[in-house]
Amino acid sequence: MVAFGKKLKGRQIQEWQGYYINYKLMKKKVNQYSNQIEAGALDRRHVLKDFSQMLDNQIEKIVLFMLEQQGLLASRIAQLNEQQNYLQEQPDISKISELRESYREVGRDLLKLLFFVEINAIGLRKILKKFDKRFGYRFTDNYVKTRANHPYSQLQQVFKHVGLGAVVGAISRNLADLQDRQGSYLSIYDQPTLPLQDPVVDSIRSAVDRLTHSTNFLNFLGQHALIMQEELPTPAEEHDDDQRYHFMSLLLNLANTFLYMVNTYIVVPTADDYSMSLGAAATVCGIVIGAMAVAQIFSSVYFSAWSNKSYFKPLIFSSIILFVGNIMYALAYDLNSISILLIGRLCCGLGSARAVNRRYISDCVPLKIRMQASAGFVSASALGMACGPALAGLLQTNFKIYKVTFNQNTLPGWVMALAWLIYLMWLWISFREPARETEVNHVQQESNGVENDKLEKGLAQPLLLTSTENEKDDEADQECDGSEESPEESRRPANSLASAYRLLTPSVKVQLLIYFMLKYAMEILLSESSVITTYYFGWTTSRVSIFLACLGLTVLPVNIVVGSYISNMFEDRQILLVSEIVVLLGILFSFHIIIPYSVPQYVCSGLVMFVSAEVLEGVNLSLLSRVMSSRLSRGTYNGGLLSTEAGTLARVIADGTITLAGFLGDNKLLNITLLPSLVICIGSIVATCCTYNTLY
């Protein structure tokens, strides 16, 4: 950000000041180059040579100091190892405790060194980006390519930190050996899954996780929630304040997420039958399903704003209005009113508290478990999506109680109303409103967006997950004038959707377009499934429910495969482009061109489209979480809200398309609704290709 130089200076370890990257000097040098080139005093080749040499000198300074500190830490560990060997022969409980504390002290010094490496890596990446932005070069690509793969690369020392990994391993192993094993002679290598209960090791592990971009399932899944971590935490910030965290409150937020997704998809298998029973066309199911999404466009905004002041009250309101909405949905059958049905679904959409659920995790969950909570948020959504249709398939009965009908059409409403009533009572008893922080502390603890810059792509093991794409185009203009924003101004969140949109870079806009496309295609597939399968294959509600539930159950396994394996073998932007192409193939194969239209064609094409869209969504949101501006990770109009609005708008348009296409007849519904999906998908592929090199 604009204030990074000040932030860097304020967080330096005083005795190491002369060994940090001289970010301020290099920024001034970039400005001088710009002025001299404009005046004709320098040619570009001289600029590239001079700037490369300056970077080499800065990196060499950092690396030599880092190696010196590693040597000191290794020497201290060797001395402690000698003491440990002596104590094994002559055990002394008091001296063992002192030895453990000595290892912890080395661990705390290691944390300082890890933080030193992290700050310098962020500064290096930012100055490279600034240079490329100012001069329009691809200097970063060339610099990293030539330095990273050289046998004497000093750049690799910064980003691979093999020596630091060895020190981390030595401290962890020796602390584990000193820990009470209750007679066990196994080491950490014999039991790699055995957790080491030591706060110093936990802190070291967190620091290493920030330094090493390890694409595992948990991180990959957690990034889908667009809940990002702090860009440049200090060592003191590693010890999170747990006073605001309450496990039961977090569980209630995840339960709200799960129930809402169940509520959204439980009506999909029966919406066409319900519409027909009220005298409407089967394709009105598009409006019935989409009414919830229409209301969610507005509810996401006011719930996001409400969460600035409270979490408990909006959750209470959400539960009440969802209870009322489901009651109206169920009673519409006996009242024979399609209007009551639609109003009930609108009420359900007005109760969408996903913005509150996401905000609670961002604000109130400690940093050390925030990624797990984020993964829980995504998992709850996925499970709800699968459970909704499956539950609808089980509600195949028909009876009356006091003239109130309970059948496959109304039972989804009654069941969800009961579920929300139980949830409301649980919420009232168990939820604990977290204490509100002062504005200053609140700004410090809000999470920033993260990026994965090109600097990492030239390396065998990418480094940071924690630097933001928040140097906007106006930064260059401000620096040309020699002006600097204050830290408060540079961190000010967007105050409207329009201002939030203006903060989006072209690559972020492309990724939101991709998100819109995949949500549109998925909504078309899911919402019209009941009508299409009834028309072509004569499927019952139970069969439709099983089909939709099976699709929903693929979400977590697909993310496990992508997050644990595929993302480690290919760049995210490569997976992104391939996934878009496979979605396109799934859409093409879904068209009714061959007569007769067969079950294998529909099921296979739907499965290909849905699974590839899930892969695409995971990679796209993972990328989006890295390049989103830090100003869009805070406040009402944040990145999570923008992505939610884009996805919800896609669902609204898709459901509206189904209803409009229904006027042309069920025989034309499939091809007409797939045509917009095809066009949007082709457009997103073209946009991706045009911005391929800028998608990190």
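Glycine is no exception: its Cβ is also placed from the backbone N, Cα and C atoms.
TrEMBL: automatically predicted annotations, no manual curation.
As written in TrEMBL, here are the features:
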| type | residues | note |
| --- | --- | --- |
| DOMAIN | 2-145 | domain 'SPX' |
| TRANSMEM | 250-268 | transmembrane segment |
| TRANSMEM | 280-303 | transmembrane segment |
| TRANSMEM | 315-332 | transmembrane segment |
| TRANSMEM | 338-356 | transmembrane segment |
| TRANSMEM | 377-399 | transmembrane segment |
| TRANSMEM | 411-429 | transmembrane segment |
| REGION | 466-493 | region 'Disordered' |
| COMPBIAS | 471-487 | compositional bias 'Acidic residues' |
| TRANSMEM | 512-538 | transmembrane segment |
| TRANSMEM | 544-563 | transmembrane segment |
| TRANSMEM | 575-595 | transmembrane segment |
| TRANSMEM | 674-695 | transmembrane segment |
Mind tallying the domain 'SPX' (2-145) by DSSP state, helix then strand then coil?
126 helix, 0 strand, 18 coil
For the transmembrane segment (674-695), sequence-distant contacts whose Cβ falls under 8 Å of one of its Cβ atoms, 6 or more beyond its ends:
506-507, 510-511, 513-514, 516-517, 520-521, 524, 572-573, 576-577, 580-581, 583-584, 587-588, 590-591, 623, 657
Going through 338-356, 377-399, 544-563, 575-595 one by one, which has the most CB pairs that fall under 8 Å from the transmembrane segment (411-429)?
377-399
Among the ranges 377-399, 512-538, 575-595, the one whose Cβ pairs under 8 Å to the transmembrane segment (544-563) are most numerous:
377-399
For the transmembrane segment (338-356) and the transmembrane segment (250-268), check the count of CB pairs under 8 Å (sequence separation 6 or more) and say whether it reaches 3 or more.
yes
Report yes or no: does the transmembrane segment (512-538) come within contact of the transmembrane segment (575-595), defined as 3 or more CB pairs under 8 Å with a sequence separation of 6 or more?
yes
Compute the average pLDDT of the predicted model within the domain 'SPX' (2-145).
79
For the transmembrane segment (575-595), what are the same-chain contacts with Cβ under 8 Å, counting residues 6+ beyond its ends?
514, 517-518, 521, 525, 562, 566-567, 601-602, 604-606, 608-610, 612-613, 615-616, 619-620, 623, 670-671, 674, 677-678, 681-682, 684-685, 688-689, 692, 695
